[in-house]
Amino acid sequence: MSCLVLKLLLILIVAGWVSLWVLKPTEFWTRKWKEAEEKAMASVFGYNGLDFVVYTFPVIAMAIIGFIYLELKQKEPRNRQRRSAFTSFSSPLFVNQYIGILSGAQILASSLFIIFLVWTFYARVSNDFKKMTPVKSFKLSLWQYKLFRMATRCGLLAEACLALLLLPVLRGMSVFRLLGIQFEASVRYHIWLGTAMVFFATLHSAGTFFIWGMKHRIQDEMWKWQKKGRIYLAGEMALITALVIWITSLPQIRRSRFHLFYYTHHLYIVFLVLFLFHGGDRHFYMVFPGVFLFALDKLLRIIQSRPETCVLSARVFPCKAIELTLPKDPRLKYTPASVIFLKIPSISKIQWHPFSVTSTCRINEHTVSVIVKCEGEWTSSLYDIIHDEADSEADRRQCIPVAVEGPYGPASLDFVRYNNLLLVAGGIGITPFVSIVREISSNYSRSGYPDRIQLIYTVRKSQDVCLLDPILPQLLNVEQFHIKLKVFVTRENQTGTTLREALNEIPETRTTYFSTTCTSYATYGPERLLWMAAIATGSSIIFLLLLVCFNHFVNPPAKKRSEQKNSSSQVDLLLLCSFAIAITCGTLIAITIRWKRVKKELQLFTNKQSKTTKQSSVQASRDLHEHEIHFGGRPNFRDIFSDFTSETRGSDIGVLVCGPESLKESVASACRLALVSQKNAKEKRSNFSFHSLNFTL
């Protein structure tokens with residue numbers, strides 16, 4: 001009952017916030033809002049208090065109520081539900097190598113946002129054209145005035161994109177979890193919004209500069225730092241900053257020069273401050289929700305990564321991959337397919353890298369594991385450290401400190417609602433499925449879990465199959481777990497080789513245990529959702545109280561009505577001060593909560609094993625004849641879908657894929673064709689639900 005009430009409240013808040021944005025460009029809203037601000041200026045809150053409550057707080061309230069809702073939802077018993085209409089709407093509808101995979105829900109949401117942008121632009125420009133009050137100082141002609149107003153209104157479109165820009169990249173305080181969208185999947189929305197924002201901001205600036213150039217006023221206008229109103233120079237600097245961030249975020253640069261991408265992305269702080277000075281505090285309150293939540297989220301993540309833990313052991317696979325095992329507090333619970341971020345100070349003191357968790361807290365209560373494929377500069381450095389330590393004597397092995405952030409994962413086990421699972425992995429994309437298979441096997445005796453699992457694993461070389469080693473117990477017990485494995489080795493040609501023979505040909509893996517003398521702390525994970533809700537609530541109240549204090553002492557109503565008003569920069573600085581103090585107070589609360597938790601739950605751990613051990617990838621006495629391995633070709637997903645449909649007629653099938661984009665597109669296309677063919681079938685049809693997982697960002 002409580003969850004239902006919270007859900008209805010969330011729907012009402014979202015509907016109200018969206019309606020606000022839709023009505024904002026109209027003359028009706030402008031007239032009523034001016035009246036409301038005049039009344040607010042006579043009160044202790046002032047116009048900025050009204051702006052915060054109306055424009056900013058609804059999104060913060062969504063996050064607060066959402067955290068409470070998710071906390072209560074986690075306590076509900078898990079059950080298998082029939083596929084809803086929304087699940088059907090989330091199936092792949094459009095597949096393209098440039099745009100990617102789009103579901104019906106994503107296409108609808110994107111279309112509605114584009115319609116909103118068109119409506120905002122049309123409403124603003126049409127009202128401007130009706131008034132036709134040319135800028136006297138420029139003495140513009142009719143067409144020049146129209147172009148100038150259109151360029152100005154493009155800035156509002158950039159502002160709308162900026163209002164949503166930071167919401168998809170929230171981790172601990174993510175509001176997208178309410179929609180079942182995880183951080184690694186929502187990053188694409190951040191990219192789309194960022195590109196759109198830079199595009200509209202460029203149009204805004206180019207149109208304005210064009211009019212200035214027509215009137216030979218560029219030198220006079222571009223260097224202005226006005227005392228009141230919009231500061232042109234701040235806007236120009238903000239655009240340059242945004243362009244630098246966007247250019248260094250392009251895939252070609254991000255992949256080849258990650259350091260450059262990482263460092264320049266921190267210029268977002270400069271950009272937001274410049275945007276505040278350019279647009280003013282009234283416009284900043286429109287984008288403030290994302291800024292407020294992102295700042296809290298960032299600081300909470302920094303606190304969460306303290307104190308550092310260490311690597312307990314590392315297993316080196318023949319395919320140049322490493323399984324790291326870290327200590328975990330037994331009270332920390334996480335869901336399969338979760339992601340953790342690691343920072344190893346001995347490699348880099350600032351770089352964080354995400355990895356899928358391969359362990360499950362039901363089996364591994366005191367440890368958490370990840371598998372790292374060593375291909376880039378950072379991961380290769382990690383491989384060298386582990387390899388060198390493995391070759392050294394046991395009593396000389398060093399302690400490797402690690403800062404851990406996360407794990408972040410789905411709020412619930414979404415995959416348990418399906419009768420059957422079709423898992424498709426490519427290369428290191430097997431890692432999230434390792435935790436899923438382990439989770440299902442640990443609860444197989446319980447009802448509500450999938451009845452049948454088929455795992456399709458595509459690799460380039462046969463030695464990459466060694467990454468299946470963590471789930472070999474499940475693969476060797478087919479009768480109990482009903483899991484079927486099909487391996488496709490694309491760059492090797494062999495005939496008559498079985499999966500058991502391929503595994504036995506792979507060199508043995510090595511496990512190395514490290515010293516734990518450098519720290520006695522484990523991985524404690526994020527704070528509880530209820531604590532996050534409390535911190536967000538407290539910080540919001542403190543910010544509003546600070547606004548009231550500054551309005552009363554620094555900018556009282558009597559001064560606002562006089563001719564000697566404060567400059568716009570001074571008002572902006574007061575907003576920044578209120579924000580900084582509120583966030584600092586929220587941070588201090590979080591530090592206190594964290595310290596009490598760590599002090600209470602501190603558990604000393606020791607690593608009794610201190611020598612390198614070897615174990616074979618598979619026991620030769622066991623038989624893997626139930627599973628298949630194919631060489632020299634890629635899987636035919638149309639046939640795989642057809643066969644799996646025949647085996648599981650009339651059931652709900654969850655299709656989960658993790659791997660390269662080309663693999664995801666192939667699976668999405670096959671899933672779409674299977675859905676189309678199922679609609680024309682006379683017999684009872686199976687329901688496919690497509691989900692794409694990411695192992696890189």
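Note that Cβ sites are derived from N, Cα and C of the backbone, with glycine treated the same way.
Record note: among 150-170, 465-485, 150-170 is the stretch given as transmembrane segment by TrEMBL. The stretch in 93-122, 260-277, 529-553, 573-593 that contributes the largest number of Cβ pairs under 8 Å to the transmembrane segment (231-248) is 260-277. Per-residue confidence over the domain 'FAD-binding FR-type' (295-414) averages 88 (mean pLDDT, predicted model).
In this chain, the transmembrane segment (52-72) lies in contact with the transmembrane segment (529-553); the count of Cβ pairs under 8 Å, excluding pairs fewer than 6 apart in sequence, is at least 3. Counted as Cβ pairs under 8 Å, contacts with the transmembrane segment (150-170) are highest for 191-211 among 52-72, 93-122, 191-211.
Long-range contacts of the transmembrane segment (52-72) within its own chain (CB-CB distance under 8 A, at least 6 residues past either end) are made by residues 2-3, 6-7, 9-10, 13-14, 16-17, 20, 45, 167, 173, 175, 177-178, 285-286, 288-290, 292-293, 411, 528-530, 532-533, 536-537, 540, 543-544, 547.
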